[in-house]
Amino acid sequence: MRNRIQNFISLSPFFYLLGMIFLSRQIFSGDPLYGSHQFALVSAGFLLVLQRIRREHSVRAFLLAFQKNLTAVLPAMEILFFVGMLIGAWAVAGVLGSMIRIGVAILHPSFFLPGVCLAAGFASVISGSSWTTAGTLGVALMGIGKILGIPEGICAGAVVSGCYFGDKLSPLSDTTNLASSLTSVPLQTHIAHMAKTTIPSYVVSLILFAIWNFSFLDAGGDDSILETSSILSRLHQLPFSYLDLLPVLFVFGSSLFGMKARYSLILGIVSGMALAFWKSVSLFDFSSALLFGFQAHTGNESLNSFLSGGGISAILPTEFLIFAAVWFGGALEGLGYLNEILLSIKVWVKTKWDVLLTTMGTSFFLNLTTADQYLSLVIPARAFRHLADVFHLEPKEVSRALEDSGTISSPLVPWNSCGAFMATSLNVATLVYLPYVWFNILHIFLSIALVIRKRKKEISV
């Protein structure tokens with residue numbers, strides 16, 4: 001009986017979080033990003049603290065873990081601020097409008113979604129950052145998709161799929177380098193081993209996007225064609241210059257030469273500011289765009305929505321969401337719940353393939369609870385390092401398992417920093433684009449299926 005109670009207490013973070021999410025959805029209406037998820041995470045964290053308040057130094061342990069996790073996600077929160085300002089700067093300077101105009105000319109409607117996935121993938125390989133790609137090129141691709149009448153959920157799914165494909169295979173990617181260093185695997189060996197699951201998943205997702213694209217065009221009506229023609233006609237009347245693309249070249253060029261994401265984004269903001277001033281945009285209007293976003297006035301309401309957005313105010317709900325998730329993660333880690341869960345999981349491990357499944361499951365769990373993809377890589381790598389050695393598991397298998405679970409699942413969780421960032425940058429709720437992030441979903445299932453197949457094969461022998 002005592003063991004059952006202890007097991008329930010160890011698993012109580014699951015129950016509290018699910019219960020609070022359900023309760024918050026009854027209290028708050030509208031987008032979960034604007035209150036309900038924050039309420040659920042903070043409330044569940046409080047319940048975890050109260051449950052162990054009698055333990056000596058429990059509050060201190062919670063606060064220390066909260067501080068440590070907050071320090072870990074501060075760089076991500078900082079980049080989110082820069083992306084909000086970047087979108088505002090590029091919108092007021094006309095960069096987004098020019099990117100959309102060129103994209104409409106290049107991306108043919110019959111191949112739009114696969115083209116979006118390919119473009120985002122290529123940009124992420126160059127920049128090494130899914131965030132940089134989503135916050136710049138991704139915003140423009142979403143605008144093009146809206147003009148062509150493509151539903152925002154599947155368009156965002158194609159963007160996120162491409163971003164994370166490129167992020168995984170780029171030698172400049174922070175998560176790729178982190179997984180490689182955590183397992184002491186040479187970077188090129190790690191990337192080559194990941195390609196065995198990454199490339200097949202990407203090819204299948206491109207085929208699925210192409211099939212959906214063709215079926216959508218066949219079902220298109222005259223009204224959507226007329227609306228698209230009206231938007232395109234007004235778009236081509238707006239001022240256009242190839243100089244508008246200079247900030248884009250600066251961002252991706254600096255990333256290609258190894259500049260950190262924050263500095264590339266700052267360079268994009270500064271170059272956008274120079275372009276805006278060259279176009280006689282006032283300091284007040286530019287500052288307003290940085291803080292509160294830009295509102296376009298083109299005479300076409302649909303086009304206005306595509307060319308507007310950005311600003312620090314737009315990303316504040318996301319920042320609060322990340323803060324709330326870190327609060328919950330601090331209670332989970334600092335008060336011993338996470339350690340108890342890991343200890344109970346280790347008992348289940350019988351083969352080397354169980355180590356991989358356990359590593360992946362832990363990464364998924366941490367993405368759900370700590371808001372940070374880096375923690376979903378670091379904690380399992382450290383927690384199961386000894387078991388990997390005991391079962392003579394190749395380090396490259398562990399490094400791939402970490403990325404196949406921790407990196408790939410991060411944009412699928414609304415309150416994870418990655419999921420929140422993608423939702424804010426692309427202006428599409430995580431749960432709206434989630435069913436269409438086919439690369440990530442296929443990749444996760446393929447990776448798990450391969451490990452289970454190897455496990456069954458070993459047991460049968």
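The backbone N, Cα and C atoms fix where each Cβ goes, and this holds for glycine too.
Feature list (source: TrEMBL):
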- 162-452: domain 'Na+/H+ antiporter NhaC-like C-terminal' (DOMAIN)
- 7-28: transmembrane segment (TRANSMEM)
- 34-50: transmembrane segment (TRANSMEM)
- 70-93: transmembrane segment (TRANSMEM)
- 99-123: transmembrane segment (TRANSMEM)
- 199-217: transmembrane segment (TRANSMEM)
- 237-258: transmembrane segment (TRANSMEM)
- 265-292: transmembrane segment (TRANSMEM)
- 312-332: transmembrane segment (TRANSMEM)
- 353-371: transmembrane segment (TRANSMEM)
- 431-452: transmembrane segment (TRANSMEM)
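Between the transmembrane segment (99-123) and the transmembrane segment (34-50) there are fewer than 3 Cβ pairs closer than 8 Å, counting only pairs 6 or more residues apart in sequence, which means the two stretches are not in contact. Scored on C-beta pairs under 8 angstroms, the neighbour of the transmembrane segment (312-332) with the top count among 34-50, 199-217, 431-452 is 34-50.
Highlighted: of the candidate stretches 34-50, 237-258, 353-371, 237-258 has the greatest count of Cβ pairs under 8 Å to the transmembrane segment (70-93). In summary, the transmembrane segment (199-217) does not lie against the transmembrane segment (353-371): fewer than three C-beta pairs, each 6 or more positions apart in sequence, are under 8 Å. Listed stretches 7-28, 34-50, 237-258, 353-371 were compared with the transmembrane segment (265-292); the greatest number of C-beta pairs under 8 angstroms is found for 237-258.
Mean pLDDT across the domain 'Na+/H+ antiporter NhaC-like C-terminal' (162-452) comes to 85 in this model. Counting only same-chain residues 6+ beyond the ends of the transmembrane segment (7-28), those with a CB under 8 A from a CB of the stretch are 34-37, 39-41, 43-44, 47-48, 51, 328, 331-332, 337, 340-341, 344, 369. A Cβ distance under 8 Å defines the sequence-distant neighbours of the transmembrane segment (353-371), meaning residues of its chain 6+ beyond its ends; these are 13, 17, 69, 73, 321-322, 325-326, 328-329, 332-333, 338, 341-342, 345-346, 377, 379-381, 383-384, 387-388, 391, 393, 397-398, 401-402, 404-406, 409-410, 412-413, 415-417, 447-448, 451-452, 454-455, 458.
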